[in-house]
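Here is the structure we will look at.
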There are 4 protein chains.
Amino acid sequence: MASQNADHADRLESSLSLSEVRRRDIAEARQNPAQTLRPTVPALEALLHELIPVLDHGFVRVIDYMGDDSAVVQAARVSYGRGTKKVSEDRGLIRYLMRHRHTTPFEMCAIKLHVKLPIFIARQWIRHRMASVNEISARYSILDNEFYLPSAGQLAAQSTDNRQGRGTVLEGEEAARVLEILREDALRTYRDYEFMLNEGETRDPARQGLARELARINLTLNTYTQWYWKADLHNLLHFLSLRADSHAQYEIRAYAEAILKIVAAWTPLTHEAFIDYRLGAVTLSKTAIGLVARMIRGEKITQTSSGLGEREWREFTAALGLEDL
Amino acid sequence: MASQNADHADRLESSLSLSEVRRRDIAEARQNPAQTLRPTVPALEALLHELIPVLDHGFVRVIDYMGDDSAVVQAARVSYGRGTKKVSEDRGLIRYLMRHRHTTPFEMCAIKLHVKLPIFIARQWIRHRMASVNEISARYSILDNEFYLPSAGQLAAQSTDNRQGRGTVLEGEEAARVLEILREDALRTYRDYEFMLNEGETRDPARQGLARELARINLTLNTYTQWYWKADLHNLLHFLSLRADSHAQYEIRAYAEAILKIVAAWTPLTHEAFIDYRLGAVTLSKTAIGLVARMIRGEKITQTSSGLGEREWREFTAALGLEDL
Amino acid sequence: MASQNADHADRLESSLSLSEVRRRDIAEARQNPAQTLRPTVPALEALLHELIPVLDHGFVRVIDYMGDDSAVVQAARVSYGRGTKKVSEDRGLIRYLMRHRHTTPFEMCAIKLHVKLPIFIARQWIRHRMASVNEISARYSILDNEFYLPSAGQLAAQSTDNRQGRGTVLEGEEAARVLEILREDALRTYRDYEFMLNEGETRDPARQGLARELARINLTLNTYTQWYWKADLHNLLHFLSLRADSHAQYEIRAYAEAILKIVAAWTPLTHEAFIDYRLGAVTLSKTAIGLVARMIRGEKITQTSSGLGEREWREFTAALGLEDL
Amino acid sequence: MASQNADHADRLESSLSLSEVRRRDIAEARQNPAQTLRPTVPALEALLHELIPVLDHGFVRVIDYMGDDSAVVQAARVSYGRGTKKVSEDRGLIRYLMRHRHTTPFEMCAIKLHVKLPIFIARQWIRHRMASVNEISARYSILDNEFYLPSAGQLAAQSTDNRQGRGTVLEGEEAARVLEILREDALRTYRDYEFMLNEGETRDPARQGLARELARINLTLNTYTQWYWKADLHNLLHFLSLRADSHAQYEIRAYAEAILKIVAAWTPLTHEAFIDYRLGAVTLSKTAIGLVARMIRGEKITQTSSGLGEREWREFTAALGLEDL
């Protein structure tokens, strides 16, 4: 009995925590600045603890960070002993490191995020192993009744030429029906989750309630979860290079883009170098480099004469913006 | 149109692959032995490729392995230069390594498993980062209509004294209702998944069908997925020490126990040492060791005089099987 | 010519950097406190940037850190949803996490150290893979003429009963001769290193000088190197559990002990729990636990009746401080 | 006394092990083929256990392996559900995976190497953390008197325009003097190592001998060590992309090239794709891609008009073989 009361209290706190309590926590965390001798980034301090909304109910917020652009430079100078210390040279050094994939200095910075995200996105995200995670456990806690529904503009049909892609946006009756199904199934499975737990309005003292670790298996993959996620800057950029990419599923890209803005505030020189040498860069194969050299010298090359397969030729001309040639 | 036909063909193959095709593959894989100069374990060869059933629709099967008990010994001897080579001394050395947590020699063996498991278990399992994984992607493929339902004996109530535990088994009407809910919700969400994909019986040429990567978000967490999972023996034992433990959720423990049997066949000396020095071992704190020494010298100690908190005293006496003292 | 002058300037800066320049840098780093909303630990701020001497020429200094005891608690509460927030309960939760090897919340803190250490210690240290490192590169820079010599009290003979251990301390003529050899060989190989580089007093404009990446191969393993090393608190504690242990080589233990003091200032609750449940703890095998239970119930057990091998019995009684029984 | 005899016996075995004993071991290992149902690669079986010489005293030899090109394909098909199974499509799929950096399927193969290498190379190699290592311990064993000396063609001067590079080869008296120094210092420090250990010709029963873990600090960085090293194919390729590169130090490149040949025998399709899309590939920044497109369309671009810095322009034209434009 006592423990059931305790559970109720937990439940209450947990449901508050995403609104009043959370807001109170954030305000509190932001009211107590301390003095530190550590590298500090005012532009990131301004964002610290604040919720950055993503998708319909998700968010990213920065909980803590370590290091800045100078910490990258400092670590590189330990290794390579480079001399001067002007800001313009910091920029040059960071660009050099990024260009030549000297990745270890970027490991010297780290960031810790609080993220609320749908479970199907969490399943993609967790594949990045070089990070630390503490996720809310549905063995211990009762999850909130919050689930992701795509906005009308994201309700895409299956692509007909790319097995993992999205095609045109669904419209009219089909779109309406799909949204209705997603909403109804999420509501029903959550209601049944509560019923099996013997929680909520249907609570009946005569029933015991199913164990939390079992009841949760009834939830759908668009249910929101939360975690603390910590990564160093090198691994964060690797994550972003894959998840801010156009091949990534839209929903995880939305998180990646929010994090990219955080990186821009935190380590602006690294961010700029990353956009130029990684996110916007193209890797050309040995064969493709040979083709480029010949084309620059004026040779006319077609797919047939290129030696590339059809798909690779298409990728090659698209990468160079030369589809018209 | 062509691509939709291709999809249908894929779908067909995919649904076969878990029955006829799979069985054919296994038979085929087992028919073509090759000669090798690598360490080979006949007891594991006998299991290779075979399905070991777990839960209601899951399985584990060994796809490949590298090394054996001797490979552990050989690696240890590179490091420690130990001399002799009799089997009895291999056993002693492996026990010594296990006892003293000299873990690197165990990294020299590896195993690759094909596992079919419910998504909520996959979410626990994937937290073990030191492993390699290739999971079936529901962005590319349509998942099968298979989901986990607890057996009657596993339909446990929430524990009243342990927030993450299971209490007594539900019975009678409550049990029946819970099972009915789990089954119906899984069937309904899958049927709606198929409908949104515009696949299956309700297929309508006038509709486009929702993108796979979106439709899947409607599936419940007990839907089965599959993956190839590769780990070295050290990290496998670490996984087993946490997941074959009594605090692990029953469903993942079922997989851990199946894998423990595989380890017994593969590396019997390592398995024996692991049971004695890890799985069945108890770590006593500095304080607890002091208590044990005093108790052995005949002193009578109670929780109050022990200096331990109530919970820790309970854990201490339970670990020693001395709850009656 | 220009580049040789640049080299000389580098060299000069490099030799200054370990005295005047370094001291200036530290003073500078400590003069500019900033405001932050991040968790801050005054006791660690007091140590920040300061050199903590280790061995004859080595040091450890804290460059940066992220998180504190509360960050561990906060991460655990995300996972386990534990309620209250008093300090006494923080202590209890941290002890619970440590006792039950719930390690992920400790990954949420991180520290970055600047370490100067002999190369033979760096070779042991680097085996801890879950950390980030930027080491001074002797391909780019010329190393300083600094090498480790054991103090008289550490000049141990080979143990006669433990192949990796130290026995009694060498004395008299043998000790003097050994120290003389170590010093002379280090001085000679360094002098030859400089000669081959065509640097220093013997510099001759007619010679080209051997490439740095080759000349360095002449240095002895007691030459000092430096690195930035960043680890999270979980992996740091794992490092300390192995390297602050009595089986670790004295020289790396000296570093581990310096770092233990840093941990005590940084995360005092975690430090206390670590000492009790890890560093001072003993893991007893399934068999040993059975023996302890029987001994507490008054049974008299000897090595012969224990079923343990001689070595394991010795370890067992030593762990319990019962060698006299 | 007994233990000193044991040491002598060890020593003897150890010195034999690199000649007679080793040769005997290899012959023995190659004489006992077993039957296996695992994927087997005849071209690699032919190399198994054999020493592949590298540098003056080093070697690489394959001890064990797991998987082949088909295992990569099989793992990718689990994830992406791709259909057909002809060899030509295996090649296409592997090239697709390599081109798009879908790296996880390559983790499904692994290889275990026995490597003998100078300590200064071991220090570079060990920086690749995603691998397993068991190295001979000089705390336990006495190292052999073997050290690396560069061949005449590798005795390079310091580069005058690249702080980490090699310039022209030293010749005449300077070359002779350098080689003499390297040889004499290595011989002297080893002789002193033996003396301090109280081993070898100068052994004197009246002396105790310095502990092995201390005596070794007198050895130079070109002393040979040995280890077992295991990595999965993805991490092996990452290692090779950095260490078979022209910026890598010659001595580690020699090992990388030997391993590249092993990869060609083991997974020929992966090897071919790796050469084309990784080792021979060039990554062009967003800016550089824009330049290439303009140049292909006939625009004349110089460093000044390119917007690239001098160094980056040089790298850019070199990558395209357009230094003459």
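Cβ from N, Cα, C; glycine included.
Residues A:Gln124, A:Trp125, A:Ile126, A:Arg127, A:Glu135, A:Ile136, A:Ser137, A:Ala138, A:Arg139, A:Arg243 are given by TrEMBL as dUMP binders; from A:Arg91, A:Arg95, A:Arg166, A:Arg216, that same site also lists A:Arg216. Cross-referencing A:Thr104, A:Thr220, A:Thr223 against the FAD binding annotation in TrEMBL, which names A:Arg127, A:His128, A:Arg129, A:Glu135, A:Asp232, A:Leu233, A:His234, A:His238, picks out A:Thr104. Contacting chain C by the Cβ rule (under 8 Å between Cβ atoms), the binding-site residues A:Thr104, A:Gln124, A:Glu135 reduce to A:Thr104, A:Glu135.
Summarising the environment of A:His128 (FAD binding site), the number of other Cβ atoms within 10 Å of its Cβ, over all protein chains shown, is 17.
In sequence order, the recorded positions near chain B (CB to CB under 8 A) are A:Ile126, out of A:Thr104, A:Gln124, A:Ile126, A:Arg243. Take the CB of A:His238 (FAD binding site) and look out to 10 A: across all protein chains shown you find 17 other CB atoms. The DSSP secondary structure for A:Glu135 (FAD binding site) is strand. Rounded to the nearest whole angstrom, the C-alpha distance between A:Leu233 (FAD binding site) and A:Arg243 (active site, involved in ionization of N3 of dUMP, leading to its activation) is 15. Between the CA atoms of A:His128 (FAD binding site) and A:Arg243 (active site, involved in ionization of N3 of dUMP, leading to its activation) there is a gap of 10 Å.
If you draw a 10 Å sphere around the CB of A:Glu135 (FAD binding site), it holds 20 other CB atoms from the protein chains shown.
Within the set of recorded positions A:Thr104, A:His238, A:Arg243, the entry lying nearest in space to A:Gln124 (dUMP binding site) is A:Arg243 (CA atoms). Of the listed binding-site residues, namely A:Ile126, A:Leu233, the sparsest CB environment within 10 A is found at A:Ile126.
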